[in-house]
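Here is what TrEMBL says about this protein:
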type	residues	note
BINDING	Cys96, Cys101, Cys137, Cys141	[2Fe-2S] cluster binding site
Amino acid sequence: MLRRLSPIQPDSFEFTAANLDWARAQMTKYPEGRQQSAVIPILWRAQEQEGWLSRPAIEYVGNLLGMPYIRVLEVATFYFMFQLQPVGSVAHIQICGTTTCMICGAEDLIRVCKEKIAPHAHEVSADGRFSWEEVECLGACTNAPMVQIGKDFYEDLTVEKLSALIDSFAGGEVPLPGPQNGRFSAEALGGPTALAELKGGEQYNASVALAVSLGDTIKRIDGTEVPITTPWLATEKSA
């Protein structure tokens, strides 16, 4: 599938000071002269900051890493995780449309997005706050159908539940990620059939707890919300 940059482009891109520190720290993971190996995480950080990858962002990353722009563009266009079109300022909804989710109602979820957001994938809603697309398997087949919003999974969805999620985001709320039908994690709906004495609970679901505490589902990552963990850099400084 041919992927092109959006015809709508901002004038410029620049990392926040915290994100620039983070990017430079990533570059220290690699041997001298191999800083280009950090292109994927640094592109991802640029997308986390802005929501998508613009041409100025791609060129900025190229300058930072000393890479020809075309090489950075090759990476950005190859991996579908990189958004090359503007996305909603509040939420970009990725609907799994692969076999299990399709059988369990993914097409109905797509219909909800067409009706509530925009008639076509990668179109931004009239108010600029939402966008959507259909994607391949996201690895939560047990809890199909599901969507990914930001870094979070919303699973065991119905038409009504997805519609309510969109309304919650529009109202400034961040709904609790994970199954939306009372299921814990990927347990059977009737509860565990083995290790039945082990009760599910939030204390066992670190990813949901982290998502809730950071609230990064609908936040742009400017570097201040997430600690810059660079033990390799600390080791170098102390040497």
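Note: Cβ is positioned from N, Cα and C throughout, glycine not excepted.
Following the DSSP three-state reduction, the secondary structure of Cys137 ([2Fe-2S] cluster binding site) is coil. The number of other Cβ atoms within 10 Å of the Cβ belonging to Cys137 ([2Fe-2S] cluster binding site), over all protein chains shown, comes to 13. Long-range Cβ proximity for Cys101 ([2Fe-2S] cluster binding site), meaning a same-chain Cβ under 8 A and a gap of 6 or more residues, is found for Ile95, Cys137, Cys141, Ala144, Pro145, Met146.
Residues Gly97, Thr98, Thr99, Thr100, Met102, Ala106, Glu136, Leu138, Gly139, Ala140, Ala144, Pro145, Met146 surround the recorded [2Fe-2S] cluster site, their Cβ atoms falling within 8 Å of the Cβ centroid of Cys96, Cys101, Cys137, Cys141, which are themselves excluded.
For the binding-site residues given as Cys96, Cys141, the lowest number of other CB atoms within 10 Å of the residue's CB is seen at Cys141.
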